[in-house]
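Colleague: From Swiss-Prot, for reference:
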MOD_RES   T2  phosphothreonine
MOD_RES   T2  N-acetylthreonine
TRANSMEM  41-61  transmembrane segment
BINDING   H118  chlorophyll a ChlzD2 binding site
TRANSMEM  125-141  transmembrane segment
BINDING   Q130, N143  pheophytin a binding site
TRANSMEM  153-166  transmembrane segment
BINDING   H198  chlorophyll a PD2 binding site
TRANSMEM  208-228  transmembrane segment
BINDING   H215, H269  Fe cation binding site
BINDING   H215, F262  plastoquinone binding site
TRANSMEM  279-295  transmembrane segment
Amino acid sequence: MTIAIGKSSKEPKGLFDSMDDWLRRDRFVFVGWSGLLLFPCAYFALGGWLTGTTFVTSWYTHGLASSYLEGCNFLTAAVSTPANSLAHSLLLLWGPEAQGDFTRWCQLGGLWTFVAFHGAFGLIGFMLRQFEIARSVQLRPYNAIAFTGPIAVFVSVFLIYPLGQSGWFFAPSFGVAGIFRFILFFQGFHNWTLNPFHMMGVAGVLGAALLCAIHGATVENTIFEDGDGANTFRAFNPTQAEETYSFVTANRFWSQIFGVAFSNKRWLHFFMLFVPVTGLWMSAVGVVGLAVNLRAYDFVSQEIRAAEDPEFETFYTKNILLNEGIRAWMAAQDQPHENLVFPEEVLPRGNAL
């Protein structure tokens, strides 16, 4: 019998392998390689938003109060966009605008770019987290694919749209009332509700809500009779592996209701994935179009006839007048640096007035 004496054949681990072992170790909160992007970015985005809504004014950028310190509440506080004069500057704390002065940086709107970019990369990190965990447990990456929808909307609205305009100033501020104002701005300046990409987005989101409600109700409807009571939560364990509802019964039910029904669970759930994600992506594509001021539907013939005939008016022409009113009021308020003045006689009036 021969005994081999010498070095072990096992090679010492390198830095990458050691980091990989530590990052992907089984723990209560999985970290992973994606966590190197997700956790710092999410921390800074949320921390920047809480700091801004609590302490930072928008007086120097919008002429507004926007913090709890100034008397705002949860619905009216916001981290507002930088001034229009700062264009597309990244507004780095150490950049030429703030020159390392934290107070001045906050006054100029530096927290907005800070929250926007850390938020975008945080969302991307969360998508990568879903991909990484799915790969480690041998799942398909459809969760990560689905999450590209919210990422596309965030990036298109908060980053691409203002990049197509004159500056970050025209992006939404990070606050409830601030985003509502941005929605009104989108309608007044882009007639967004008549844009077919917006229509597809609405169909996707509301259609997904309808599908979700129908699916949940159908599963509850077809639960096996496994106890004496009518209560859904009796006679079964919430963690059990066995199914407690009948797909065949659900299929019969919807075949009677509509005449058609999903033939298998895979097609049903793919459809529930496809509808909202496609809607979100279509709305994101539409916002990218608005970034370069693409028009959607303009029914000019109706506008000309309404201008010539006092008795002719449609819901479209009324909405066009409403948009003109939004622009007339919003432009002067939102862009005081332009010194816009609209005389009373040029403000829009409908034929009914």
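Each residue, glycine too, has its Cβ placed from N, Cα and C.
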Colleague: List, in sequence order, the same-chain residues at least six positions removed whose CB sits under 8 Å from that of H215 (Fe cation binding site)?
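Modeller: For H215 (Fe cation binding site), the qualifying residues are L268, M272.
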Colleague: If you count Cβ atoms within 10 Å of the Cβ of H118 (chlorophyll a ChlzD2 binding site), leaving out that atom itself, what do you get?
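Modeller: I get 21 for this one.
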Colleague: Highest Cβ count within 10 Å among the binding-site residues Q130, N143: which residue is it?
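Modeller: Comparing the binding-site residues Q130, N143, the most crowded Cβ belongs to Q130.
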Colleague: Measuring CA to CA, name the entry from the binding-site residues N143, H198, F262, H269 that ends up nearest H118 (chlorophyll a ChlzD2 binding site).
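Modeller: Spatially nearest to H118 (chlorophyll a ChlzD2 binding site) by Cα position is N143.
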Colleague: Can you tell me whether DSSP puts Q130 (pheophytin a binding site) in helix, strand or coil?
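Modeller: Looking at the DSSP assignment, Q130 (pheophytin a binding site) belongs to a helix.
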Colleague: For the binding-site residues H198, F262, H269, which one has the sparsest Cβ surroundings, going by other Cβ atoms within 10 Å?
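Modeller: Comparing Cβ neighbour counts within 10 Å for the binding-site residues H198, F262, H269 gives H269.
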Colleague: Cβ under 8 Å, sequence separation of at least 6 from the ends of the transmembrane segment (208-228): give me the contacting residues as numbers and ranges.
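Modeller: 234-236, 244-247, 249-250, 253-254, 268, 271-272, 275-276, 279.
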